[in-house]
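> Questions regarding the structure given below will be posed in turn.
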Amino acid sequence: MAKELSSRINPSEYEKSIYKFWLDKKLFHADEYSKKPAYSIVIPPPNVTGSLHMGHALDETIQDILARFKRMKGYEVLWMPGTDHAGIATQNVVEKIIAKEGKSRYDLGREAFIERVWQQKRESGGTIISQLKALGSSCDWDRERFTMDEGLSRAVREVFYTLYKEGLIYRSNYMVNWCARCHTALSDIEVEFTEKDDFLYHLKYPVENSNEYVEIATTRPETYLGDTAVAVHPDDERYKHIVGKNVVLPLINRKIPVIADDFVETEFGTGCVKITPAHDQNDFAAGKRHNLEEIVCIDENNKICGNFYPEFEGMDILTARKAVVEKFKELGLLVKIEPLKHNVGSCYRCNTVIEPRVSMQWFVKTKPLAEKAIEAVKNGDIKLIPKQWENTFFEWMNNIRDWCISRQIWWGHRIPAWHCADCSHTTVAKTDPDKCEKCGSTNIHQDEDVLDTWFSSSLWPFSTMGFPEKTDLLKKFYPTSTLVTGFDILFFWVARMMMMGIKFMGEVPFKDVYLHALVRDEKGQKMSKSKGNVIDPLIMIDKYGADAFRFTLAIFAAQGRDIKMNVDRVEGYRNFINKIWNASRFILMNLGENIPAIDENKLTNVDKWILMKLQSAAQKASKAIDNYSINDAANELYQFFWMTFCDWYLELIKDRMFKGTDEEKEQALATAAYVLEKSLIALHPYIPFVTEHIFQTLTGKETIMYEEYPDNLKFNYENEEKGIDKVIEAVSLIRNIRGEYNITPAAQLEIFINTDDENSLKLFQSEMPLIMKMGKAKSILFNEKAPSDCAKSVGNGFEVMVSLAGTINVEEEIARLEKEKKAVEKDVNLYGGKLKNEGYLAKAPANVIEKDKKTYEEAKARLDKINEALAGLKK
């Protein structure tokens, strides 16, 4: 009985069973004792309580393509999976859950709250893993990690202890970015800046013992309660006479000095700047330079505090701002209010406006660590792809500030530091101590803060492989080969992994960093629930199958270019999966039980041509994947399979299959089956489910996964390839004429082919049956004078003419073309005019202009074709 595929493709019928087969056979498992060369990737760990979104889907698809490709290239592949505890994000999720019960985390207490988070992790932590499996991710699931696993927690303590003992971790009262909603400090790169409309308030402070005032300009008048100085530029002649004097703060009557400091911009506002060291980054630095007091006037809940003026006490910031301005107005000390656009920082998690605040925090000295990471990129030990990201990387790393690693939340790695109540000494240890290392007191308590989530994530490439132990896994697979991630976490995560990997392993954590772009909606907008433009990957997988969804992501994943995603594209590439299925089914239906072997002595020119095209496509795809041009490889294979193999080769061999001798049929099928098998292997990294299913049906082998990638074929039929290319060019010209002149598909044509090249003439004559079949010709004459009613098209070294006599009504065709010409001319004039309008070009969005250019070029090309056709008809 012949091997068969069902008449209709239904991915839901085979995807789950195939994935289970892969898992049961442990085909994703990496052997650290293998003699094969190593290739390793660590997954960017998604939030443990999260769900798959388009960014994850793109990320994992690219990684899976690389992992599957490298297996086929003979590598021992470790793709390390895992999830991140995601401190603030996960804590926020659980806080919302218990809020519905009418409770806060403080009602539960620390231990009970943390247990609730673990419970949430147990209940929903497997969701995203199952979703990654539905996508087809070939991770080594036996080695799945979690950033708060016992082993990874041990690595965190080891690193913290070492950095502390070397003086690279310290604790200090310092200016931090404070989120009142998350109730924690944030590092600089966790603050997102957006331009907002605001106001610049001009206020007057009286100079002590004088009728004079200084006018200051500020966006935050409420912080005047914490002012400890007014600063002017030392070279500003307007204010030299008051430097050293005091001004008196209205209502609270605090006397503060006028100081000179060159950080003041004389052109901004009035050139007089209020200094609030406890609530502004620049003011904090100025306060240190001038030994100013740090007066806190806003508490950790963004409420006015300090009892400086009873009426303001306890107000939120915006209410206090209005109240302060109103009081200054009543006192005649409000000069004016100006509109202002400026950047305002918000929490990257909850979008709450950040309040600069001085508090006791833990920091990593990053400068010494950053220097080696910079050097690694400069000397090529780490390659950023696309290369354009290097300048951004260097700019940020050269200006890096110390990293605030403490967070005032409960969920996460608690800082391994114990403070002594008797001698105030801090003991940092790898394991929990029972007494103070300095005085021996047992009256010690652990620091309340937890580490920034990114601290444990920065150890991911080596903590997941067993660090601090020197494991066989580390020996085989570290440094990892490739990191695939979004450019948006280059500094959150990638740079920090570089610093930690080099510091603790003595080697870079990865060799290549592929930074992919973002997945946006079809208009290029960021996807968000509020906009209602979110595309759910799981819905796409359920509706179209994982393969179609993966292939869509891959084919649009051009380096450095955002993906504009819409559902129609997924549907379009589902048609490609259908094409593969139907072509495979056609071949299988005609094969019988066994695949016949190719006999190279019996191959036709067309067979040799398709083998050369297969060889070329596989080689180009392989090279493109190696260069991280994932989309180019996908497009190459798409074009080959659909256009070259299906549209041409399978059509070209049908006469041999159904009308030829047994030997001719056997060789046609042998070649078709061979090309199909190699095509499935080449496509497998992109569309693993359907290729595995068809491959097993076709070959009877256990799995496609470890088949050799077909980029090392040794066919040498260049002359035959060039010959059939020319024949196909001739057929295409005939088909183009048929289309241009609206000739019915059933019409059998009289064709004339003229060429001065002897070899081309022999080629066309020898392949005349092929040209007649594919061109639907009743006759072909070579180098004969063609009648005047012919339509002509010129190829490479030859020309094709098709007699129009009896195939069309010339007058009707001229009328049709003239009508179409008018419509096309309107488009040419409309879009041509737009593209010459400087005002339009200055205001229109870039994507709209690009679309207009494309429409104009297509209309212009069509107009040229119409004019050419009309000229032929009217001669």
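Each residue, glycine too, has its Cβ placed from N, Cα and C.
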> Among 2-12, 46-56, 233-243, 783-793, find the range that TrEMBL records as motif ''HIGH' region'.
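Among 2-12, 46-56, 233-243, 783-793, the range TrEMBL annotates as motif ''HIGH' region' is 46-56.
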> Any idea which of 206-210, 446-450, 526-530, 736-740 is down as motif ''KMSKS' region' in TrEMBL?
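My reading of TrEMBL: the motif ''KMSKS' region' range is 526-530.
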> Over the span of the motif ''HIGH' region' (46-56), count residues by DSSP class, listing helix, strand and coil in order.
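Once the DSSP states are binned, the motif ''HIGH' region' (46-56) shows 3 helix, 1 strand, 7 coil.
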> Counting only residues 6+ away from its ends, which parts of the chain sit with a Cβ under 8 Å from the motif ''HIGH' region' (46-56)?
83-86, 89-90, 93, 120-121, 124-125, 127-128, 131-132, 135, 146, 486, 518-519, 527, 534-535, 537-538, 565
